[in-house]
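S.K.: Take this structure first; my questions come after.
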Amino acid sequence: MKQFFKFVLASFVGVILSVFVLFVLFAILIGGIIASSSSSKTSDVDSNSILHIKIDYPVNERTPHNPLAEIPFLGLDSKKEPGLNDILASIKKGKNDENIKGIFLDESYMMQGQATTEEIRNALIDFKKSGKFVVAYSEIYTQGFYYLASVADKVYMNPKGIIEFKGFSSEVTFLKGAMDKLGIEAQIIKVGTYKSAVEPFFLTKMSDANREQVTSYLGSMYNHFLTGISTSRHINKDSLFNYANNGTIQEPEDALKYKLVDGLKYKDEILSDLKKRTSISEKDDLHSVELGDYVKSEAKEDDDKNDEKKTSSKNRIAVIYASGEINGGDGDDNSIGSEKISKAIRKARTDDKVKAIVLRVNSPGGSSLASDVIWREVMLTKKVKPIIVSMGDVAASGGYYIACAADSIYAEPNTITGSIGIFAVLPNMQKFFNDKLGITFDGVKTGKYADLGDVSRPLTPEEKAILQKSVNRGYDTFTKAVAAGRKKSQAYINSIGQGRVWTGEQALKNGLVDKLGNINDAVASAAKKANLKEYQLVNYPEQKSVFSKLGQGFSAQVKAHFVKAELGENYKYYEQIKGVTQMMRTPQARMPYDVVIK
């Protein structure tokens, strides 16, 4: 009996200690969250400061709300990574902030798409109108960063640095050879001559139609790239083309000789130059504010308060962010869930204070059904209040589907859009199971089509006909929606559809978009249509608070951050693999593939 009580007492003490430890850990966690939140609220901006911009991370459409990353003991990356919304807002605020004397554009690797780079570049051009300086420096100039940096008053590079100036290329990875070796056949059902999303599964090289469209849109983007640099650097565009085509720019001295840069300097020399520009003594530290800190600085808040025209009004313009693959359900921070976005549109539509809506689309598409669900909400909203679409890096296929019903559509010249088409992919893994693994299947069914979609056998001709009919119906629905939204005939939309990809510049000419411009242009258009002179912006979907995230899967949040931190730039491939698995489930209105421009 004595031994029994010892065990009971030991167990009781163990439970009490476990509960106590969990309570302490939870208290530390909450304390860390509160401390990180309070410490990041505001910070003063010194006089004679420079705004330090270094973009060496993939830029999201808006700054992620993630206090978990600021808790040191979790081991997550605490680096602030402002989204495009805060980058643009900070550059605009810096233009009018008397404490900010200029911008130092530091070496950045530009992991985002070209349209995002374009918006930041245009914001820097606008900043320069204030008479303040922009200085750019890098040890390595990728083509993307050089395009951004070319607007600077002075462009410098390390004397031993590297500069890429070689033209654009686009590459597709084909999987058919590997699938053949594994005994896996991709059964393709599609509509659209140019709908080449499925080509990697059954071809070993580009089709003629795909090569034609890639050549077209890549040429359009490259022409815009050269035109922008030519204008900023005052170099003849034909000369720039020849420099790239002939491999003229190989060494830093070449870049200096042909005026792509203004000087070859080490970083300490650049910092000394910045001190002179801001009247700071050489022995003192340079006054600089990081972009991530300036987002929440006092100067920015004060400037917001002075912007009475926009912040004092009860009238609102809702900006709804739709970014990532389109799927059913709620989705997550990196995808468009049809339920989540539809709910956001409905909420903005039924809110009497919201007078107009801007739908910001940055998506290669996804589920055709989920796209149609969102399209329906846009249609309903259009009957009640103005809704304007602003396109980001890509708004193609399903991304265009959800945009086409808007009152008007804005895109950047180098936005990737169009790709009006539908496809489905169903793997036949019979040989893989039978020959490679020695696995066979047998069963009973109550009807001829009861096991339609079974990957352990090939489709019958009748089953293929059923799926083709479904995909054809989806394409007909898609083209009718675009024709109605764009006020064109369905025959015309079919002629520019067929899955073909266009740049924003090309889409303007063929009527798929209304104007070239950024999200601020779209907001201004929404205000004009709603007859608003005073308004404030509200963002949807609402980002979850840290406590909501704790209640809805803390472990998933931590896991996502560890994966992203570990993979870095290669995180995009992880997302692509997830996208491929999604393709195998339902008919897709999706881009041919993720465009990788090198």
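Just so it is clear, glycine is given a Cβ too, placed from its N, Cα and C backbone atoms.
Unlike curated entries, TrEMBL annotations are predicted automatically.
Pulled these features from TrEMBL for this protein:
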type     : residues : note
ACT_SITE : LYS195   : active site, proton donor/acceptor
ACT_SITE : SER397   : active site, nucleophile
DOMAIN   : 127-278  : domain 'Peptidase S49'
DOMAIN   : 381-533  : domain 'Peptidase S49'
TRANSMEM : 7-34     : transmembrane segment
S.K.: State the Cα to Cα distance, in Å, between the residue listed as 'active site, proton donor/acceptor' and the residue listed as 'active site, nucleophile', rounded to an integer.
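M.R.: Cα of the residue listed as 'active site, proton donor/acceptor' to Cα of the residue listed as 'active site, nucleophile' measures 10 Å after rounding.
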S.K.: Can you count the other CB atoms that lie within 10 A of the CB of SER397 (active site, nucleophile)?
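M.R.: Excluding its own Cβ, the number within 10 Å is 32.
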S.K.: What average pLDDT is reported by the model for the domain 'Peptidase S49' (381-533)?
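M.R.: Result for the domain 'Peptidase S49' (381-533): average pLDDT 96.
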